[in-house]
């Protein structure tokens with residue numbers, strides 16, 4: 001039992017550390033104009049592909065050779081089946097970087113918190129994955145109220161950042177639901 005929890009804990013810790021680090025690195029790059037925004041997005045794609053390549057090689061070592069060859073499909077088939085995920089991921093990267101460019105990191109995290117209500121809404125209305133309960137509704141209301149109070153009350157809030165934050169939250173919620181649909 002203990003051995004099964006260790007990889008999960010490692011995965012979650014790695015994800016949290018890498019996501020927080022990437023936000024700070026992206027903000028630094030956008031503030032200093034070290035890299036163009038488009039080039040930064042290109043580098044983010046390359047890093048995703050590098051991890052995919054490493055993961056594929058790791059899987060091929062621990063699984064039987066025939067199983068791996070049968071599981072990995074052609075590039076055309078992959079794009080054909082995954083194009084909504086690819087587009088929503090790009091959408092999230094682009095608008096996430098735009099939101100980060102026009103705001104401070106703490107507001108960026110607050111803007112991304114709107115993913116929770118949008119995720120529930122898209123899960124319910126478009127994908128029919130969940131049924132609402134009282135705690136879910138309360139959490140969505142609380143997150144939404146916090147977002148709008150901070151957005152309206154903050155002195156230095158850039159309205160572009162608010163709009164980009166809402167757009168990236170919608171894009172992320174759609175991406176999460178499409179990913180869930182592919183995995184189920």
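Every residue gets a Cβ built from N, Cα and C, even glycine.
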Checklist outcome for this item: As TrEMBL has it, transmembrane segment corresponds, among 38-55, 56-73, to residues 38-55
Next on the checklist: Need the matching range: TrEMBL marks transmembrane segment on one of 2-23, 134-155, and I'd like to know which.
Outcome noted: 134-155
Checklist entry - Apart from its near flanks, which chain residues at least 6 from the ends of the transmembrane segment (161-179) lie with a Cβ under 8 angstroms of it? => result 84-85, 88-89, 91-92, 95-96, 98-99, 102-103, 107-108, 110-115, 118-119, 121-123, 126-127, 129, 151
